[in-house]
Amino acid sequence: MTVFLPILVCLCGGVGASCRYLLDVTIKTYWQRAFPLSTFTINLIAGFLAGLVAALALGGTLDEPWRLVLATGFLGGFSTFSTAINEMVTLFRKHRYPTAAAYLVLSLGVPVVAAACGFLV
């Protein structure tokens, strides 16, 4: 698997990005408010799954190559913290200060809690 590992990581990154896109479009279809729920939800799921992958790897259930494929590949493509930062800046520019502040605090804190929950599952 060593020779194919970089290729598999890249392919899974593409799959993760595709899943992010589909979930983003689906959530935005039903949620049309100032708070960027789609990005928040995606990062919440990614945080939980990252914690789960870390726990499986630490427990010896998941080998290192598969950890790389799942965490670096799929979750790297799926999570979207750079979009979260951009959305915070956009909210500030539109003078939606309470929403921007809440989004900042929640986007930094909740995925960490989700990762801890995923690790403890």
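Numbering starts at 1 and runs along the chain as displayed.
Note: Cβ is positioned from N, Cα and C throughout, glycine not excepted.
Because the structure is a prediction, the values reported are computed rather than measured.
Taking a C-beta cut-off of under 8 Å and a sequence gap of six or more, Ser79 (Na(+) binding site) has these contacts in its own chain: Gly16, Arg20, Ile42, Asn43, Ala46, Gly47, Ala50. According to Swiss-Prot, the Na(+) binding site annotation covers Gly76, Ser79, on the basis of sequence analysis.
Residues or ranges marked as transmembrane segment by Swiss-Prot: 3-23 (among others). Long-range neighbours of the transmembrane segment (3-23) within the same chain, counting only residues 6 or more positions beyond its ends whose Cβ lies under 8 Å from a Cβ of the stretch, are 38, 41-42, 45, 65, 68-70, 72-80.
Residues annotated as transmembrane segment in Swiss-Prot, with sequence analysis given as evidence: 40-60 (among others). Same-chain residues lying 6 or more positions outside the transmembrane segment (40-60) and placing a CB less than 8 Å from one of its CB atoms are 20, 23-24, 27, 67, 70-71, 75, 78-81, 84, 103, 106-107, 110-121.
Sequence annotations record features per position, and here Swiss-Prot assigns transmembrane segment to 69-89 (among others) based on sequence analysis. Packing against the transmembrane segment (69-89) from elsewhere in the chain are residues 5, 8-20, 36, 39-40, 42-43, 45-47, 49-50, 53-54, 57, 62, 100, 103-104, 107: each is 6 or more residues past its ends and has a CB under 8 Å from a CB in it.
If you look up Swiss-Prot, you'll see 101-121 (among others) marked as transmembrane segment, on the strength of sequence analysis.
Counting only same-chain residues 6+ beyond the ends of the transmembrane segment (101-121), those with a CB under 8 A from a CB of the stretch are 35-36, 39-40, 43-55, 81, 84, 87-88, 91.
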